[in-house]
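Since the structure comes first, as structure tokens, the remarks are kept for the end.
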């Protein structure tokens, strides 16, 4: 019996454990909506939209810009800008430590990435919030990058598109972060005066100071399916008004029904749909592939 254990069973267990450890991490992903277990390479083909239930999963800012902009001619804007802890703010942690941790986790300097490029051959400027960086909160660098992107759109007289995913203003920057609401709104007013289109795409989630400023100031406001959009969260509102909120409250479908946004577009259709829309705005020839 002892020989059988040593010669057969133990080597078999060791081989099995070795095979388990050789499976790459992150190869499978569970849908947070329907809990289907999905093969990661196949999920990437659907742009992180569940093929079983059509749930639009959160994606990072660079991935979003990669799938939206043409491959050629991209130029990142404001990449040299880095956040500074001017107030020496501290809550349960020092702000500078939170920044360092977020930068290490995401590989980004702050919560907004801006790029000039092309959309099906049409010059555009696009921005995307990185929700994984301190909840996509808007501080001085986010505001400055957005303004620089808008200024490039003004100089080139081309459309500006912003993909919002944010919890709101960054509390660690206090009044400096609140000032970004006015700063971004002011530059969007200049775009409107010049007749340059701004398309705001609301992804899951958009709250607080971002929803109360740039996110809701688009000439066209687009929502991704079932994105949460509001100022305060539904639980906070329920506790305040002490009433049960309507079914689907703050979902993009609810906002569309009540006239707060203009359309809901599936992620896979967003690129050609916006290309057609912007060609109409700018009186450019419609893209052939659209």
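Just so it is clear, glycine is given a Cβ too, placed from its N, Cα and C backbone atoms.
Range annotated as zinc finger by Swiss-Prot, chosen from 8-30, 31-53: 31-53. Mapped onto DSSP classes, the zinc finger (31-53) shows 6 helix, 4 strand, 13 coil. Counting other CB atoms no more than 10 Å from each candidate's CB, the binding-site residues 31, 34 peak at 31.
Taking the mean position of the Cβ atoms of 31, 34, 50, 53 as the Zn(2+) site, the remaining same-chain residues with a Cβ inside 8 Å of that point are 32, 33, 35, 36, 38, 51, 52, 54, 55.
In this structure, 53 is the one among the binding-site residues 50, 53 with the smallest number of other Cβ atoms inside 10 Å of its Cβ.
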